[in-house]
Amino acid sequence: MEILYDYISWNKQGDEEGMNYAVKRFIHLIPIIFGITFLSFLLMYLAGSDAVTEMYTNRGVEVAQEIIDEKKAALGLNLPFFQQYVNWLWGMLHGNMGVSYVTGEDVLTAFMKKLPATLLLTGLSISATVLISLPCGILAAVRHDKASDLLLRFGSFLGNAMPNFFVGMLLMEFLGIQLGILPVISSGIDIKSAIMPTLTLAIAMSAKYLRQVRSTILEELNKDYVLGAKARGISYQVILWKNVMKASMLTIMTLLALSIGSLLGGTAIIESIFMWDGVGKLAVDAINMRDYPIIQAYVMWMAIIYVFVNLVADLLYHHLDPRIRLGVNAK
Amino acid sequence: MLNTKKLWKAISVGLCGAALTVMLAGCGADNNSAVDKGVLKVGVTNFADTLEPTQNFFGWVVMRYGLGECLTKFDEKMNVQPWLAESWSISDDHTTWTFKIREGVKFSNGDPLTADAVKKSIERAFEKNNRAATFFKYKEIKAEGQTLTIVTEKPMPNMPGFLADPLFIIVDTSAEGSRDFAKEGPICTGPYMVESFVKEKAVMKKNPNYWDGEVPFETVEIPSIDDPNTRAMALQSGEVDMAVNIAAGDMDNFRGNDKFFVDEISSLRVVLARLNQKGILKDDKVRAALICGCDRETYNNVLLKGTFLPGKAPVPPSMDYGFDQLTDPNAYNPERAAKLLDEAGWKDTNGDGIREKDGQPLKLDFVVYNSRAELPLYAEAVQADLKKLGFDINIKTVDYNLVDQMGIKGEYDLLISNITTANTGDPEIFLSWYWKTNHNGDNPQNGSGYSNPALDVKFNELAAEFDKSKRRQLIIDIQQILLNDGAALFLGYPQTNIVSNKALANVKMYPSDYYWITNIIKPAGK
């Protein structure tokens, strides 16, 4: 009776608490963004070189020192490190992300222009990952230690062992050159060009995710209630689809949500390899050119995505699993 | 268990379906080269964000894409040849250059190319980029009909070479009001003109007003493929017909493959180790021993897989400055090296493998930066070879930014560089920077303490010499003196390449990196 009372009272405050929780998490974002932008600024500074040096010296000609100094002064690159960071931060706090040192383009505009391509690639990769790893993971769990399970586990080890740029190269060689059915380089942001980068990302992700799905379902299958249900003569299909899947789905969804963050980060190399014109490629190019404002924008984007996705996963857990809610309240 | 079987079946059917789709799609693949349809596809790496030729080094791209042309250009031996200028001459006092602008040339918009248009274009370059003034400073530019006169303050022997720099691409300044050169591309005189441009991909179309013969392609598509492996694969899959600078590891797919044509030449760069003559290396015999102890053939042919040519002289063989006639007294010969060290008094007295003299070990600092992959490899190879002779080489890796200052201050025994020798077709600047005597800082780049009065005489003659063949001979003499003196260790010359499939003819790499897409590139058999 007392438990029931607790549950009702929690539900009343539930929305309010959820809100507080979300706000708290967003407040946590502030020190994270300060810290991460400062660190990335510092690391770029310590890595040596700067946008002006890269622009001039990489062309392989002697450029007079006055020209280099003049350009550095114009961009504020001759200032002490800390002042450079503060200048950037000051602009950012006033809603001005600055302009690219290399192109002179507004950072926010440049970034937003490339974002849809990355979001499309991410969306496709997640869909492909779900399509590959869910059925395969369920199959592997159900056929535990049978040939199909061993095969899938072997495939998953293989997928985990290969770095994704290597998978990309293999796909290019096989689908692009040997079979000649897909373009090696993207001819724009379209579905045909998206297949190979999507597959590359999905293979690595699925390999990891398949094992998580498999172990989650296996764990659930080994619980007492499954044995009990079997003893009562309930058919295996009903147990599997009505009980086990329902109970496992929450963990599976959470794991998936968490991997979106790493996927959004992982696109950088793949975008560069496949000439997919998204923010990842923008960031890699910016790093090569020491274009601080663009790098900072990318770092902030990554930080926000990570925090946001984690928050969504937490809230999802919080909201869907009554055990967690009660646990919170019992404190 | 029925359901798992169904699931298994569903997956099998799905996989078969996918495989079938792949196979069917394979049958429908388009194997015809686009070249037949008048489209040329070129895989490049593009660093330019805009096509404004005066911005940074973006003029290089304007020229590489077949869009812009200069008054002059460099041929395959870096000799200056007429282009938009038909001929030129210099006044007796060496300060007035007269260029005859080619008759009948039109900009792609149909405007005629006059001396006045050229004048405005050159003035525009000076106005927009202060790098222009580092080539030459002019007192006055005059235009009359097709005659352009440039009056300089000081004699400028290499003026025609300077004007071949893409910074001086001739643009139609009168078109600028109605056109954004940066985004839509400048109006120039090249075989192709811009249809669309973003950093990632440019599309060019035929210039209907082109002056120098027929333009072979209706359209040129130029995707920028930054990843070298991807660029090679795009060429193999036929998505591009030609590609520039294929990486060393991928070259084996193309060399000796009858579907591709490879044009590989040495670039204008040299990798060298400057030798500081203020320390142990002051002794001529020790320097000679050091140089002839390094097996440069092996470094370049084996270690760097033939992507570099073995070094000998300061100026690479891609230029016509007597590479083959120069003799290197310090060619690889470890026995001679050991003997020279013995003669100089360096002996291993304590048996630790390192030679000593007057209690001082034969220890040298080799300063290296590693932003270029080959530099640490060279340094380690030199270290290993010289170890055998009793040198103790200490490799100091520093950031590229520091190298310049360390070179000027002479804070090294050996200092590695990968540098361009003759961007404007003439190696005078490069040679005098590093080896002309530095009197109290009047030639700061020479921080090595190297000085040879006989060489300085040659440099002074070179600075005032306008005759081309005499200049060439002086540069050869200077190089021979440097080799005889063991002034530096010339390690190798990077190769550069352009690879095309056999659907194309006349694809050629020039030592000067400006001429990739030209009007002589044609479909094969036409």
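Backbone N, Cα and C define each Cβ position, glycine as well.
Per TrEMBL, transmembrane segment is recorded for A:26-47 (among others).
As annotated by TrEMBL, domain 'ABC transmembrane type-1' applies to A:115-317.
Remote same-chain residues near the transmembrane segment (A:119-142) are listed as 148-149, 152-153, 189, 194, 197-199, 201-203, 205-206, 209-215, 217-218, 221, 240, 245, 252, 256, 259-260, 263-264, 267, 270-271, 276, 278 (criterion: CB distance under 8 Å, separation of at least six residues from the stretch ends). What TrEMBL lists as transmembrane segment is A:119-142 (among others).
Feature annotation from TrEMBL assigns transmembrane segment to A:163-185 (among others).
Annotated transmembrane segment per TrEMBL: A:250-275 (among others), in sequence order.
According to TrEMBL, the feature transmembrane segment maps to A:295-317 (among others). For the transmembrane segment (A:295-317), the list of distant contacts is 18, 21-22, 25-26, 28-29, 32-33, 36-37, 40-41, 44, 88, 92, 97-98, 107-108, 111, 250, 253-254, 257-258, 260-261, 264-265, 279, 282-283, 286-287, 324: same-chain residues at least six beyond its ends, Cβ to Cβ under 8 Å.
Outside the transmembrane segment (A:163-185), and at least 6 residues removed from its termini, the chain residues within Cβ reach (under 8 Å) are 192-193, 195-197, 199-201, 203-204, 266, 269-270, 273-275. Listed as Cβ neighbours of the transmembrane segment (A:250-275) (distance under 8 Å, sequence separation of 6 or more from its ends, same chain) are residues 117-118, 121-122, 125-126, 129-130, 134, 164-165, 168-169, 184-186, 193, 196-197, 200-201, 204-205, 208-209, 212-213, 216, 281, 283-285, 302, 305-306, 309-310, 312-313, 316-317, 320-321.
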